[in-house]
């Protein structure tokens, strides 16, 4: 850190590698003073306008709000609040088109102005030194201030993280990108307030040196800042050569100190903190005037805009309304850019609102804009590498991005790319390198975010498993303690431990089983040891007697049911014989004889069946005997009918 200060105090300027000198085109907008646009009727305030997380809503649909009233609140310094740009009614809270080249929607508050522009109650102060550094940081946070130089990183978080490390505080007034002049005009017209904001920040951080760096193409701004200092030596002014991108953080630090910020680290790691001049003005307004960040200076430029210049624009104002108020000549063949020509983003929808990020709206005509030429193959001319101010190898990163070799992209320090656009500007093959690098960064971020969520889920799962195991162990311990308490209670009341008694019974049972399974032996007359089968033979005999007894019971049951059925069968057979005999005596004709013989045959069959039934009565079960008797009765009945018919015929 001492090396940083010694190099800075030498007064020397170092030149960084690469860089370009594109046409500045700043005279279009820097000749007119700051102006205000008419107050609009509808404002669209995105819930997140900074690099961080979205705040929590404080309002709902239908609420009436005042100018400067907080619409969201945060839980930390990286969750900045947003504020009402004017007084009016909340019409809706829903997705609305974002100020982004994707044209996607984002959660947005729709505020309809009442035209009164009535402020919320404010508490301005004259002397900021009456507040502690912590109180000042809190006021900066409550005002929703983010870096207005393009990064939109929460200012309070940046200050707090570097509070004990800063030796050199750099205020960036370089404004190196073509067309943009908002910082230039702000320094010319509000130099006193900018100096006041710088002194507030110096009071918080206590750096050893404070410097304002301004490019040499802004002589009016340099003069205004020096006049505002009035000879004070607590803040110095350092004029740097005009070169793009000298306003980038790492490049400006190298210009002033000759020291490079290590890859992957912040400038605070070498004792340097940098802030934009617009951010210093916002800090002064927040601390002294108690005004949140609800407006900023925006450059309106390009040949398609009639009233070029720099305007105070309320955050949330639709871009289409701003352009209309500035005399924009709509032409579908020419896009609108948010930002400058090098790092700006093409807007697909002009209904998108102005946010804290927007410092310029560029509307070029055919003299300033041409359709992108067809992309050609890389010829490896090294023009991009020679011009890169970060010492990267854009052609190699291009191949890695095309092949989605994310590991190689990271190895070649893609994260250090500041997206200045120089590589694409100098490429003779018209390769849109910045688009490839932005897409590759987004893919790597998605992969890491997915891995981060996976790791977090794994940690949560393992924590849950550990908790469940701990709870199970605690449950078992409670059960064991309760069981022990019950045993002790029973032991006190009955005089013995029930568990021990149960174990003793179990041991005794096992011992008996062991004895019963031992093989008994006896000694023969010859002295041989033979197995003693006495018990086994007794068991077999008992089983045999049990089977015989069961069979005898079944036989007795059958005999009790058979006599009745057999007697009925004998009676039926006797009746049948009597009828057949009578029929034989009565019939003298051959037909009668024949029928008599038939009847006798039937009788014989019946008799035989009955005799067979009688013989087998002991072998058949009662059910079969009954069936046989029924069949015999049916045959006898049929025979009787035949006899009656013959007698009638003889008469």
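Backbone N, Cα and C atoms are what each Cβ position is placed from, and that goes for glycine too.
The annotation domain '4Fe-4S ferredoxin-type 1' is assigned in Swiss-Prot to 368-398 on the grounds of sequence analysis. The [4Fe-4S] cluster 1 binding site annotation in Swiss-Prot covers 378, 381, 384, 427. Per Swiss-Prot, [4Fe-4S] cluster 2 binding site is recorded for 388, 417, 420, 423, and the stated evidence type is sequence analysis. Positions annotated as domain '4Fe-4S ferredoxin-type 2' by Swiss-Prot, on the basis of sequence analysis: 408-437. Swiss-Prot lists 465-477, 485-513, 602-614 with the feature compositional bias 'Basic and acidic residues'.
Following the DSSP three-state reduction, the secondary structure of residue 384 ([4Fe-4S] cluster 1 binding site) is helix. Remark: secondary structure over the domain '4Fe-4S ferredoxin-type 2' (408-437) totals 17 helix, 0 strand, 13 coil, with classes taken from DSSP. Ranking the binding-site residues 381, 420, 423 by the number of CB atoms within 10 A of their own CB puts 423 at the top. A simple way to gauge crowding: the CB of residue 378 ([4Fe-4S] cluster 1 binding site) has 17 other CB atoms within 10 angstroms, across all the protein chains here. Residue 388 ([4Fe-4S] cluster 2 binding site) is surrounded by 23 other CB atoms, counting those within 10 A of its CB over all protein chains shown.
Within 10 Å of the Cβ of residue 427 ([4Fe-4S] cluster 1 binding site) there are 22 other Cβ atoms, across all protein chains.
The binding-site residues 384, 417 differ in how many other CB atoms lie within 10 Å of their CB, and the one with the most is 384. For residue 423 ([4Fe-4S] cluster 2 binding site), the nearest of the binding-site residues 378, 381, 384 in terms of C-alpha separation is 384. The residues of the compositional bias 'Basic and acidic residues' (485-513), classed with DSSP into helix (H, G, I), strand (E, B) and coil, number 26 helix, 0 strand, 3 coil. Closest to residue 417 ([4Fe-4S] cluster 2 binding site) in space, going by CA atoms and restricting to the binding-site residues 378, 381, 384, 427, is 384. Listed in chain order, the residues near the [4Fe-4S] cluster 2 site other than 388, 417, 420, 423 are 384, 387, 389, 390, 392, 394, 418, 419, 421, 422, 433, 434, 437, each with its Cβ within 8 Å of the site Cβ centroid. The predicted model assigns the domain '4Fe-4S ferredoxin-type 2' (408-437) a mean pLDDT of 94. Calculated from their C-alpha atoms, the gap between residue 381 ([4Fe-4S] cluster 1 binding site) and residue 388 ([4Fe-4S] cluster 2 binding site) amounts to 13 Å. Spacing of residue 378 ([4Fe-4S] cluster 1 binding site) relative to residue 388 ([4Fe-4S] cluster 2 binding site) is 16 Å (Cα to Cα, whole number). Using DSSP to sort the residues of the compositional bias 'Basic and acidic residues' (465-477) gives these counts of helix, strand and coil: 13 helix, 0 strand, 0 coil. What surrounds the [4Fe-4S] cluster 1 site, by Cβ distance within 8 Å of the Cβ centroid and not counting 378, 381, 384, 427, is the set 379, 380, 382, 383, 394, 395, 423, 426, 428, 429, 431, 433 from the same chain. Distance between Cα atoms for residue 420 ([4Fe-4S] cluster 2 binding site) and residue 384 ([4Fe-4S] cluster 1 binding site): 12 Å, as a whole number.
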